[in-house]
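*Asks:* Dumping the structure here so I can ask a few things about it.
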């Protein structure tokens, strides 16, 4: 993080940044001097604009930071994780089913995440049903895979919103920040590819509820706006203001560090990068009310001094000090040279420390150089003492100094990294600790016949089956050949039995048993 001291550098570089709440005011532009009568003396109205003759006051509305607005704007969101739950079943030969669940991840789409979040927030039973594992299917001797693509919604997941560039800061984001949330892109990537972060409210601008409408008086000269009197009665000049967006709302950062949004035709430059604004809290409001009361009191003291001058017809350096303008801007300076009352137009600037205007003994710095004195007299009651030191009759009230210190300390840091360790994701595959399944459609895939063997076992089984088939073929072929040999042998044996010749004892050849029988009978 940026060191807190560095955040104040822009305010310390420019003395005018402390604007309406200095410890003292002194002209940075002065002259020329001209003699006047005591009837030309007047008290400055520090609550009404006197810049460049802008005296036309009219009521108007403007927007400022809410009272009680804190530096870290919390934005509620949720994380959406894509999960694929796979149920794998195998049914063996005897019908025994084995089920194995596996879990993988995928990157979800923002639209699907928003729909799932709405389901969860509305209490839709479909979200509760989606938390179950997929119901597995099974087939005999086959491996069946049933998958569910689920969306896991975890809420709340709080991020810090930077009002300057509308970036988000949390440890769940890569590098701790996300600057891509806009109308066209309503999600942030996280430290895991399968998880995205989305704001609970799809309209990001509604989450930046830090503004309030106020009423005041606009000070203008023609079409040019010089400044305005705020709702608490304190005048704020637009001189030196710059344009600055907070939460996408265009406004003006004034020289005192406050931020307002108001319509003006003035040409205004953009603020430099890294420019900060002051917070608006109850304490600053209370002090500003006290400042207004103090300025009113100072004006009453000035009027009393002016009345004393008119009554006694005499002027002193102490009384002239009451006529000094107490806030930066255009006004008058008064002095007495050679018993003559003198007046000069002046533009006052704020002073933070006395060393700024009294850098050394006897030197009153005005406009960057030591201002000459006339017989030990400067202006506005400032004189040179007998010892050669510059004597200033009074200084601003302690309330103004207190308010100035408050404005210096109340700035919005540029970065607001979330320090809540409960939302830090773990490395590796440990993200499954927070995964709860959200169920979309079911997809089934049925494999071929599977005996449940590993790859090497399948090859052994195929080899054994091929060998067995080969042996069976050889056996069948052998049997077939034996059958073919036995049939011709039996046929030949039957033919020989009918044609065989028998030789009797008499030596006569008998062709057959029948011939032998008939011959024997005849002989007999």
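Note that the numbers count up from 1, one per residue, in the order the chain is shown.
Every residue, even glycine, has its Cβ placed from backbone N, Cα and C.
As annotated by Swiss-Prot, disulfide bond applies to 43-302, 54-226, 80-113, 178-188, 208-247, 242-271, 363-370, with the evidence given as experimental evidence. Summarising the annotation, Swiss-Prot assigns N-linked glycosylation site to 56, 266, 338 and lists similarity to another entry as the type of evidence. Here Swiss-Prot flags 479 as S-palmitoyl cysteine, drawing on similarity to another entry. Taken from Swiss-Prot, the feature signal peptide covers 1-19. Sequence annotations record features per position, and here Swiss-Prot assigns topological domain 'Virion surface' to 20-459 based on sequence analysis. Look at Swiss-Prot and you will find 481-524 tagged as topological domain 'Intravirion', backed by sequence analysis. Taken from Swiss-Prot, the feature transmembrane segment covers 460-480.
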*Asks:* Taking Cα atoms as reference points, which of the recorded positions 266, 302, 370 is nearest to residue 113 (disulfide bond)?
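*Replies:* Out of the listed candidates, the nearest Cα belongs to 266.
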*Asks:* Just jot down the residues in the same chain as residue 338 (N-linked glycosylation site), at least 6 apart in sequence, with C-beta under 8 A of its C-beta; none if empty.
*Replies:* 374, 375
*Asks:* Going by DSSP, is residue 113 (disulfide bond) sitting in a helix, a strand, or coil?
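*Replies:* The three-state answer is helix.
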*Asks:* Between C-alpha atoms, which of these disulfide-bonded residues comes nearest to residue 479 (S-palmitoyl cysteine): 43, 54, 208, 302, 370?
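*Replies:* Answer for the nearest of the disulfide-bonded residues: 208.
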*Asks:* Pop the Cα-Cα gap between residue 80 (disulfide bond) and residue 188 (disulfide bond) into the table, whole Å please.
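*Replies:* Rounded to the nearest whole number, the Cα-Cα distance is 11 Å.
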*Asks:* Taking 271, 479 as the recorded positions to compare, which has the smallest set of other Cβ atoms within 10 Å?
*Replies:* 479
*Asks:* Across all the protein chains here, work out how many other Cβ atoms are within 10 Å of the Cβ of residue 208 (disulfide bond).
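*Replies:* I count 16 other Cβ atoms within 10 Å of it.
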*Asks:* 113, 178, 247, 302, 363: which of these disulfide-bonded residues has the sparsest Cβ neighbourhood within 10 Å?
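*Replies:* Fewest other Cβ atoms within 10 Å, among the disulfide-bonded residues 113, 178, 247, 302, 363, is found for 363.
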*Asks:* Which is it, of 54, 80, 370: the one of these disulfide-bonded residues whose Cβ has the most other Cβ atoms within 10 Å?
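*Replies:* Counting every other Cβ within 10 Å of each candidate, the maximum falls on 80.
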*Asks:* I need the CA-to-CA distance for residue 80 (disulfide bond) versus residue 242 (disulfide bond), whole Å please.
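*Replies:* It is 40 Å, counting Cα to Cα.
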*Asks:* Quick check on the disulfide-bonded residues: of 43, 188, 226, 242, whose CB has the lowest count of neighbouring CB atoms inside 10 Å?
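*Replies:* Checked 43, 188, 226, 242; of these disulfide-bonded residues, fewest Cβ neighbours within 10 Å: 242.
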*Asks:* Which of the disulfide-bonded residues 178, 226, 242, 271 has its Cα nearest to the Cα of residue 56 (N-linked glycosylation site)?
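*Replies:* Nearest by Cα distance to residue 56 (N-linked glycosylation site): 226.
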*Asks:* About how far apart, in whole Å, are the alpha carbons (Cα) of residue 370 (disulfide bond) and residue 43 (disulfide bond)?
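*Replies:* With distance taken Cα to Cα, residue 43 (disulfide bond) is 27 Å from residue 370 (disulfide bond).
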